[in-house]
Structures are given as C-alpha cells and as structure tokens.
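Per TrEMBL, these features apply:
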- 95: active site, electrophile (ACT_SITE)
- 167: active site, proton acceptor (ACT_SITE)
- 9, 10, 11, 173, 212, 233, 234: substrate binding site (BINDING)
Ligand code: 13P
C-alpha cells in the first residue's frame, strides 16, 4: 500500500510577506495524515517555512541541488547537505523548467539525484515529454529515457528511496491537464519499466502526476491505480486550494 504524497512546488514565487501568509493558510488546513504533504519553497524561504510549519506535519524540500553533495566553491549553487541541514527532507531533481530553460542534461540530473541520496534527502525525479514529443508518439520513449538515465547508472534499487513525478511539459502552467487515462498510461509504463528489474521496488515507489492539478481535477486523477498523488505548481500557492488537493489524495 503506497501512502499518497501531495507536493507543492512554489517555483520562483514568494516574498517574505506572501510566504508568511501561505504558512498561516497551511496551518489552518485540516490535513488528515492519510496523505503525506510536502512543500518546496524557494531556497530563500526554506528557513522561514521550516520554522513556520514546525508543528505541522508537512515535509519541506528544495527545488534543486548542486551536483556536488557537499558545500564547496560552486558560486550560486546550494548543496544537498546544506538543504538537509536547513531542515529539508526532499529535493526536486530534473524539473522540466530546468531541463528545458537551463539545459540540464540527464547526466546532470543523475548527479543531482545521487547527491541528494548521499545526504539523506529523498529525490523527486521529474520526467515528462513536450507537446511535440507527444504528438510524435514519443511519450513513452522520452520518459523511459529519463528514467533509464538513473536506473542504468545507479540500479533500480535507488528508487526505494525516491519519488517519481510525471509532468507532461504541455500540461505545466497551461491549464491543460492530462486526462486521468493519459496520465495513468504513462504512470503504468513507468512502474512496468521499474518492475522489469525489481517488482518490489516498483510496487512501492510513489509516482506523482504534475501539470495543472487543482482541487477540481485532483480526485479523478488520484483515483487512478498508478497515480500516487500530485506535484502541484500554481494551485499550491493558494493554501485553501492546496489543502483541498491534499484532502482529495487522503480519501
Ligand atoms: P502547475 O501545477 O502550475 O501546472 O505546475 C506543475 C509543476 O510544474 C509542478 O512542478
């Protein structure tokens, strides 16, 4: 039985004031505990969120980490060990906004994934195809390649301490959501690829869906057999909306 996870990716949003409001809003939510809840603030706001949500069962994560696990001379980067020390338990790796806008390769994503685990963080590996790739019928090839980068380098066993997030690029921030059936097809394919090497690991790994998840479509998506929760962008900036999504995952 996989415990659902709902994760809010705040991206490059927030001021100290708006983050304080969001913290207050999250503290007011009744979260059943059936679903695990996580938020990924910008690095600047991690300390504020760790402090503000100290008594609330919400996991804090970073949005990215350096390829080098330990602190050192790497201007502008944040080490996984620093995230851990700041109170993070998870970190996103390979988000499409970084792969596409910043040219992050599979090779770099693998190094970040390894750095995260080396420091005791759970990496949330983001995978997903662009619209052009979907229209060319390449969805499963693209996602398979992104997954294989980790499996080939590190073995399937590392997914015992990781989360996968399927985020079709065309559904991110566009209001277009993959239908539950479209998402389920990819989630099942991801699980089957892992199961081909280790059925136990594949059966336990949580695979989140991301891309325009909101309270109105969450229950339907989370009702699919291989969708174990969501990675939520825009809707996670509204505490009531995010709370409703978390409750949909707990039911
Ligand atoms: P939206 O929910 O805003 O589409 O963003 C999804 C996402 O990229 C989460 O990482």
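Including glycine, each Cβ sits where the backbone N, Cα and C put it.
Structure coloured by features recorded in TrEMBL.
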| residue | record | Cβ within 10 Å |
| --- | --- | --- |
| 9 | substrate binding site | 26 |
| 10 | substrate binding site | 21 |
| 11 | substrate binding site | 19 |
| 95 | active site, electrophile | 28 |
| 167 | active site, proton acceptor | 27 |
| 173 | substrate binding site | 12 |
| 212 | substrate binding site | 21 |
| 233 | substrate binding site | 22 |
| 234 | substrate binding site | 18 |
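In the vicinity of ligand 1, defined as a Cβ distance under 6 Å, the following of the binding-site residues 10, 11, 234 are placed: 234. Secondary structure from DSSP puts residue 167 (active site, proton acceptor) in coil.
Cα spacing between residue 234 (substrate binding site) and the residue listed as 'active site, proton acceptor': 14 Å, rounded to the nearest whole number. Residue 9 (substrate binding site) is 10 Å away from residue 95 (active site, electrophile) when you measure Cα to Cα. Reduced to three states, the DSSP call for the residue listed as 'active site, electrophile' is coil. When secondary structure is read from DSSP and collapsed to three states, residue 9 (substrate binding site) falls in the strand class. The two recorded residues, residue 233 (substrate binding site) and the residue listed as 'active site, proton acceptor', show a Cα separation of 11 Å. Note: the Cα of residue 10 (substrate binding site) and the Cα of residue 167 (active site, proton acceptor) are spaced 15 Å from each other. Report note: the substrate site is defined by 9, 10, 11, 173, 212, 233, 234, and the residues of the same chain whose CB lies within 8 Å of the CB centroid of those residues, excluding them, are 172, 232, 235, 236, 237. Site extent for substrate: among the recorded binding residues 9, 10, 11, 173, 212, 233, 234, the largest C-alpha separation is 14 Å. Here residue 167 (active site, proton acceptor) is positioned 14 angstrom away from residue 11 (substrate binding site), judged by their C-alpha atoms. If you take the Cα of residue 173 (substrate binding site) and the Cα of residue 167 (active site, proton acceptor), they are about 11 angstrom apart, rounded to a whole number.
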